[in-house]
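Structure record follows, encoded as structure tokens.
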């Protein structure tokens, strides 16, 4: 499945400072759909290069990271259960605190 | 018998009182009218008139009541103006405006001072502002917490727009390293209060608003200050104050505009809009609804650590002023915008993006009906925001024997400054290394070496012989990353179980500058 992943707010530093990743995610074990839960595992293994604890906590993102699927908060689409579709854009963004 | 027509001219004349009429002339005319009216009234009763004439009489009586009311209002206004005049700010004789904000009669001419018409003219003629918007701005009061990179531009635009009262809260002093982005301060104010400095600058922009300067830091115990305001701007720079300000906004029932910036990016949200107290069905989310748990402290970077591009934080501060003005001027019957997060990325493919975010969390610990956070609990100091957000562990991760002071290190280099019989590893990031570095030092950024997986990667990058006994000294900006590097090199076996000395330079280049070489740049 073709997806665009974007990292911002400093999370890009965990993946070679690359902000936009066009990726192809294969469905595991002949699964029919890809959920955000599956994608997080995949990202942790295939995209995050260092300090995974700065990205995830347990099976979800760490506190202070917003996840947006097609410009919409994943809280509104079912969080980990959100089903992804071809060409979806998933944004991971760390909250900033400077001022 | 009295002709009713005789009364009408008087009444008509009276009902066309102009604001331009002097109070004295109105008084005289009302008195005259009153006297004549009473006379006619008695005469009427005497002749026992009925029917249409009686109805006309009621009508005239109503007009008189209205005029008396208007007269009282004008007298009150005159009194207020008189006191202003004594302060030398206004000339009563020339002052004709009706400046009664309590009333919503903004269609009356001169609802603003003439100076205000002129000053706000460019925004007044816009349909988004107009007289209703300007009067809402004038009736509003905004507390700006933080007089830094966000607070400076935000405050400047709000002062310029004519917000009635502006509070500035900040306990910090102006530093020279602030001036590239905190655009309202200036070099002459270095070392003095930021809140006072910003207040002075705002008065120069617009002397009309009321300014309240709070030159101290926000803590739960002084959060009652929010009671005097109708909106808060969070222009601070750390998670603990963001949660505190959100809780303040919730318990005081006022909207909050929260923004932040770091390096080349910024984020902004309008929260608690409308506030919980108004109609909980429609209430907007608070900061805790969006971020119920604080980020781990090690993930939080300040502008001092991560850096900040001036215009980036400027854009975010300007957007805060814009969102604040939009909320303030919004007519009561117009719904608030759906909750959203605007993200700014100076180098992104799209500079601005607006993301729909979750609404109010029905189980939020701050703004739901079963909250434990009340105004009283907040102001008593029982909420510990520092503990909630956590702090980094103390930076002394290495034992004293594994560290060398800048004094001792200075004795190990020769006069030309080059290392003698040792390897000096500088682990600052590239831009910092390029600012200033020591001749002969080896540069390996911490972000790179942190990912080394084996000794070979380290020996190649450092150009060292794994069998050598030459000690390795590690230095960084402040002495934290250098300690972590020492541990990393040991993990990789570079120290051959203690056979080779690997030490960090305590306090980094900052300590070097203070104690050894004052010609080393401070940045």
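The chain as shown is numbered from 1 upward.
Quick reminder: no glycine exception, Cβ is built from N, Cα and C everywhere.
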- Which range is coiled coil per TrEMBL? Of B:29-56, B:57-84, B:85-112, it is B:57-84
- Note down the number of other Cβ atoms within 10 Å of the Cβ of residue B:149 (ATP binding site), including every protein chain shown. 29
- Using the structure shown, find which entry in B:179, B:286, B:367 (the binding-site residues) has the sparsest Cβ neighbourhood within 10 Å. B:179
- Would you mind checking how many other C-beta atoms are within 10 angstroms of the C-beta on residue B:181 (ATP binding site)? 23
- Message: Return the residues near residue B:237 (ATP binding site) by Cβ distance under 8 Å, restricted to its own chain and a separation of at least 6 in sequence.
- Response: B:146, B:148, B:260, B:302, B:303
- For the domain 'Rhodanese' (B:418-521), DSSP counts of helix, strand and coil? 37 helix, 15 strand, 52 coil
- In angstrom units, rounded to an integer, how far apart are the Cα atoms of residue B:476 (active site, cysteine persulfide intermediate) and residue B:364 (Zn(2+) binding site)? 42
- Item | Chain A neighbours, filtered from recorded positions B:177, B:179, B:303, B:367, B:476, Cβ-Cβ distance under 8 Å | B:303
